[in-house]
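Trainee: Quick one: this structure, given as structure tokens, is what I'll be asking you about.
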Amino acid sequence: MLEFFSNKLDTLHCHQTSMLQELKIAREEIGKVQEMLAASQENKQEMTEEDEIFETKGTAAQQQTPNCNDSEKPLEGANARLEGLKESLSQREKEITELLETEKTPMPPVPAPPCSVLLPAVIHKAHAVCGAVAESRDYLDRLIEDNQAALAAAREKLENLNNEEEVSTDRSDTSESRLSFLHETVKDFEVHKIALDCIKSGESPVMNDCEALDLEDILGQGTDGVKSIGQQLLLLQDQLKQEKEEKRKIVENYTLERTLRKKYYNMVEDMKGKIRVFCRLRPMNRNEAGQGGTAFVEKIDDYSVSVETPRGLREFQFDKVFGAEASQDEVFQDTSRLIQSVIDGYNVCIFAYGQTGSGKTFTMVGDKDQRNPGIMPRSFNAIFDITRENSSKFEFKVSAYMLELYNDRLQDLFISQAAEAQAQTQPSSQTRRVEIKRTRKGVVFAQGAETKEASSAQELYALFQQACANRHIAATKMNVESSRSHLIVVIMVESRNLTNGSISTGKLSLVDLAGSERAAKTGAKDHQLKEANSINKSLSALGDVISALSADLPHVPYRNSKLTQVMQDSLGGNAKTLMIVNISPSESNLDETLTSLIYATRVKAITNNAQRNVESKEIAQLKEVIMKLKSGLTVDDGDV
Ligand SMILES: Nc1ncnc2c1ncn2[C@@H]1O[C@H](COP(=O)(O)OP(=O)(O)OP(=O)(O)O)[C@@H](O)[C@H]1O
């Protein structure tokens, strides 16, 4: 209630202020009209004197002289009105002063006056103010009328004088000065008219510079004052625009700085041999979207991802985070610099990690019809693009072996499951066993696996397709095409420098791990349960290796699983390694997502010691000789 009265009082204050302003202007107007009346009186006297002269001269001009008395009638009327107005003005001023005095009287702070007292007082005041405002309006209207009458009279006088001047042959100085005086008078009344009309309508005047200057005098302030609101608005708009532009620049600089900082940080980390970890969030699938579709995992920026856990929001930082909208191309762009390292003679390992159905195969291989090829096929193209570009300085040899680790058994994917099964049924046949070995430099290789050469990306891709056809894939509840094995694609690039004969050998290991899963969730039974157990066992061994390496433990349990043996040089060894942790956005996978992210965070702490595998021409030759001798071949002078 009090708030209501306070608002009412505010409104009344506003009325009062505007009324005072109107009165001020009216008072100034009265002053002006008075001045004009005085001037008109003088003018009248002058004209009377002139008329007397004209009379004595007995000229016909006397008949043509305008009847000044008639035209001055409105001015006289205005004079009389002025007197009346002055009186009513002083009366109103008195009332307003009283009103203000009442207003100034401090309200008793506590307790607030009862509504029954306050309300009649407010109503009384409101009536008084409204009455005063209405009176002021009437007064303004009368001023406008008077001004109009005075203007019409002055115009008429001016017109008559102009006509008179046209017929007269002799132009005296007096008539010139009368003419200019009347011009000025008409102009004054016109400006007054603009001013009064503007006061009444509350609009800004539209006028030429001359009128503006006159109005400036009348209002007692510069036209700047009249125009200032618009100008100030424009100024403020300009300032706002500038501020926005500055803000945009600051954000742009900040983003640039942040990206650069991250880039340099990555470079330093690279130099230190740290494993790079990217995180990729897959889009919601149809099932998940149908269950409500709220994402519990979100990409915050290019380097952070947040997970909504029952205990609150958890944030994880990685070397790069790809959101659900990230394309295969974008993911590969950040990966491709590692392909150059392979050509330069480094061991590189790129592997995808994550629960079943999180998008590992999509990231590494691509979709089924290869409309969105993943890192593997893109790497094949990149390798041959680089070798082609450098073919004038180097001679390249590209070869590959492809394996799967299924039920803790390494299988050569260049040999079909059918051929292998048939070979095993024949008692005399010696099935080739694939075993993981390491060179003296610690580089892992698969002994017994068939290595095939490829001279183009297409050939390499054909080999890859052949290998994929031999993979173990099955439908689970979580993924219609779930990889039931770990896929290991190894490409070796040997490059011989045509200038100095040195040979470097780079190795690119691309690993699509099978997904960790919970049997109950995937609905695994019988042999699928066996597969799942084997997958989980190998992943758990990988987890142990990651934990030992990140905690800098003296013993790292590589030998606990074939998977960890295959990846020995990639985790804590002689390789540049990139892990891509794939995660699902859905609440139903929250536990698995958190586990994956925690493992991935640990991997970030692991340091590798990547060294270039390069041999001088002499060593390369000697190695070739040893190979020949070992295989019983003869060696001649040309070999050394
Ligand atoms: N980034 C993505 N954009 C579009 N579809 C995706 C994306 N990631 C995954 N998918 C789709 O999600 C489904 C499961 O992905 P994918 O087979 O790659 O999972 P996975 O982690 O390899 O599973 P598993 O471990 O069971 O083999 C596939 O249909 C795949 O096409």
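The backbone N, Cα and C atoms fix where each Cβ goes, and this holds for glycine too.
Remember, TrEMBL labels are computer predictions, not curated facts.
Since this is a predicted model, take the numbers as computed values, not measurements.
Below are the features listed in TrEMBL for this protein:
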{"type": "BINDING", "residues": "G354, Q355, T356, G357, S358, G359, K360, T361", "note": "ATP binding site"}
{"type": "COILED", "residues": "75-102", "note": "coiled coil"}
{"type": "COILED", "residues": "144-171", "note": "coiled coil"}
{"type": "COILED", "residues": "226-257", "note": "coiled coil"}
{"type": "COMPBIAS", "residues": "59-69", "note": "compositional bias 'Polar residues'"}
{"type": "DOMAIN", "residues": "274-606", "note": "domain 'Kinesin motor'"}
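For each feature listed, report its degree of burial, its nearest neighbours and the pertinent distances within the displayed model.
Mentor: When secondary structure is read from DSSP and collapsed to three states, S358 (ATP binding site) falls in the coil class.
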Trainee: Given Q355, T356, G357, S358 as the binding-site residues, which ones have a Cβ positioned under 6 Å from some atom of ligand 1?
Mentor: T356, G357, S358
Trainee: What is the total of other Cβ atoms whose distance to the Cβ of T356 (ATP binding site) is within 10 Å?
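Mentor: Here the count is 24.
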Trainee: Mean pLDDT, the coiled coil (75-102)?
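Mentor: That stretch averages a pLDDT of 65.
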Trainee: For a quick check of packing: other C-beta atoms within 10 Å of the C-beta of G354 (ATP binding site), how many?
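Mentor: Counting Cβ neighbours of G354 (ATP binding site) within 10 Å gives 28.
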